[in-house]
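Here the structure is laid out as structure tokens; the discussion comes afterwards.
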Amino acid sequence: MLVKALKAKIHRATVTDAELNYPGSVAIDTNLLKASGIRPYEEVLLANINNGERVETYVVPAPEGSGRIGILGAAARKFEPGDIVIIINFGYYSPEEMEKHKPVVVVADDKNGIAKTM
């Protein structure tokens, strides 16, 4: 049996834009994706620290170094530019893999650069 567990997290990123009339997703600076190991089109859970909302969506890459965290589509009703978010990515692991598994946590700075990786 596989266990669903935290694979990676981008902690305290700042929403840069929210576009309602878009098919849906979250655009994330490619630097943050590379550091976290989150891949384009993977499912993520967005947790809005400002209002407590949680939304599931998928990732599209934003230009490297852009600092972009763009909320696209219907989720834009629940997030505003300036909101602080946690981007959470899960994976499925065997019990044996879980014994050695360590999730990647990337803490964003105030410009959505990488403050530190844990």
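Easy rule for this one: first residue shown is 1, then count along the chain.
Using N, Cα and C of the backbone, Cβ positions are placed for all residues, glycine too.
The substrate site recorded in TrEMBL comprises Gly73, Ala74, Ala75 together with one of Thr57, Thr117, namely Thr57. Residue pair Gly73 (substrate binding site) / Ser25 (active site, schiff-base intermediate with substrate) shows a Cα separation of 6 Å. Counting other C-beta atoms within 10 Å of each candidate's C-beta, the binding-site residues Ala74, Ala75 are led by Ala75. Compute the center of the Cβ atoms of Thr57, Gly73, Ala74, Ala75, which mark the site for substrate; besides them, the chain residues with Cβ within 8 Å of that center are Gly24, Ser25, Val26, Val55, Ile71, Leu72, Ala76.
With a cut-off of 8 Å between CB atoms and residues at least 6 apart in sequence, the same chain places Gly24, Ser25, Val26, Tyr41, Glu42, Glu43, Val44 near Tyr58 (active site, proton donor), listed in sequence order.
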